[in-house]
């Protein structure tokens, strides 16, 4: 009875299916089951394995090339950071400039070749390069170009004692940023099927070039934060910690002095946006690299739509958290380092604010997970490089703050003296671990959820129609009618009557057919497990409010560490237990990942919001 489900709906559908499956100008005739070309035959699988060997080899070659470039750049960064003999900042900037110029040549070649063949049909990954993602990277790119202009002004002011590379690098970086944003807008969705080996090397070179530019920005910003941190420790009474400043100020006067001072301060306030731009660009390029030579399935990505209705509660709470964050950051930066009393009060204020916000975020995430668990639905397990990268980045970057939090917990438990603000740090560190754990679960399950396509009434009507042997006409009429049972019922001539929203089965449909049909339609459970106030559209509104609230809260928690509000630096307790240099190394390595986690989580939650 159910064998008809696998047959095409019409001769036209059968013809189109045969054309899509054929590789030549004419479709090959269907082979018999005993033919070597049968799907049951292992010959095509062996051929597929032989065909995939060069692709895997090219991936391995290109990835190893990129890793070697990245390691060489990291060693140059490390040598400059520790003032290695014979290695100066000019050597580092020359290396980074050469990498950017090489990427510019490749991007120009790719864009030129694509425009020359623009009439050809090109495969696209509809999951990659979303519009909101390209819009956000454009915003960060604009601020990055402004940062480059400030660096050029800084070079002009200190031109007497700065090498030429200090001026060439920001100009090259600005041109590189402009062309790269244009490239990502036009080609982030491409699935490259020609010149695949060459393109793999070009894309992976671009990925690691952006990662090195990200590491360079992180290092410069961390040096500035470390200098301020050393000055603040004296006010908290940690006089036994070294306060030797790592000063890189040029050894000449700048004209005019006031303008140069404003430029030098403005540069470090724009570094967080530059850091986010570089890491976003590298992730989009990595997805492009993973898509080279990939076979795309016929499943089409559902277009996301932004809807602002019904999220007043979540948006109001989130905006309140954002306003409170700005106030806390301003007060913190004003009071920290002024005196011991003001510094301790600033730390206590920050911990109380963060504890309250993290508890609310954890509760919202648990509520969202509970709704998903009560309303079980099938998950989309299809291969998707962009979605897999999102999940991996969420877990990987969360480990940065987990490392800092566990270090703080251990320092609190092992310290001999405990200042008053220490006991606020303990619940704060525990909540950081739990909140990110819960939020990751909520986001990962949300992005793997299949969107709701058909209501329960239509699913039941399909069961009835299959039992009657008339599958396709009703299925098509259901889809055309908009998904309500009352609109579909008049079209089916043999449909049974409905009472109280439930459709009664015909006697011709046996219980075995009913069970078989229920299992064939995804084994979707009844929505009666959810409370009455979460049925239907109310459930989507609650989930949208949760996503909107978490989105604004993650932006709120991105602001403090990005703009200098870092209690991990300023409380001084961890430096006393672990030692100044070891703890500073841990924080400098883990903090960039913690900052990026908040922005990446906000981007993922925006996608979740649009998908619900």
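Quick reminder: no glycine exception, Cβ is built from N, Cα and C everywhere.
Where the annotation comes from TrEMBL, it is an automatic prediction and has not been curated.
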Choose the correct range: of 346-372, 427-453, 454-480, 481-507, which one does TrEMBL annotate as transmembrane segment? Give that range.
-> 346-372
Looking at the candidate ranges 235-259, 310-334, report the one that TrEMBL labels transmembrane segment.
-> 310-334
Of 393-413, 519-539, the range TrEMBL tags as transmembrane segment is 393-413
Out of 542-560, 561-579, let me know the one TrEMBL marks transmembrane segment.
-> 542-560
CB contact flag for the transmembrane segment (268-289) and the transmembrane segment (580-597), at least three pairs under 8 A | yes
